[in-house]
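The next block holds one structure in the form of structure tokens; read it before the comments.
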């Protein structure tokens, strides 16, 4: 009959709500991260996510094959990039470690240049009980904490307060607790601050939480695969519906049928 349609309302609206929830989840996560992380990458990811989910939402409601194809292709590319990043990170773990080291050292250099970056580093050092990249003396790379005699800064040869050993009974944080720590030996400084660097600490944390990270990766991959599958099902249904409409139009125009 004329009311018959190949397009399933269930597939159509499930894909729409899938995109809406996916966009809201990513947007909320991006806003939460932007409170402490100044990386422009987060903004780019947020914009791309919005565009992809916009194609999925509008494409499903309007039954637009072009938008649905764009959504499906983009989601497939994102999935393959995530898969490639995971494989490359595992295969080239030494190079990945070098890249992490480069990022951390760059962050140390620009510690005082950006308040958001500063908060992020302080959070990381307190969370992982570490200080600097390889050791606490890496903070000499920062112009304010540099140990050279020509440095006029009051923080000369110091480390940030986030490197200090935390005292549960201390109600107010002493932001000057890292004063002069770089001038001390490892043994002397270890009584006041964390002397281990954050690179090895972070690598060890990743190794000890591989199952957790794998579960998170799987949790991200499954919705993407579901979205791709729903989009392809809906595209095929729309094409079948178009063929049916063309068939009906041809037979209505044919006086012999």
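Cβ atoms are placed via backbone N, Cα and C, with glycine included.
Automated prediction, rather than curation, is the source of TrEMBL annotations.
From the options 67-92, 93-118, the stretch TrEMBL describes as transmembrane segment is 67-92.
Under 8 Å, Cβ to Cβ, and six or more positions away along its own chain, residue 131 (disulfide bond) finds 125, 139, 159, 160, 162, 163, 193, 194, 195, 196, 197, 198. Comparing the disulfide-bonded residues 130, 147, 163 on other C-beta atoms within 10 angstroms of each C-beta gives the minimum for 147. Geometry remark: residue 130 (disulfide bond) versus residue 147 (disulfide bond), CA distance 20 Å.
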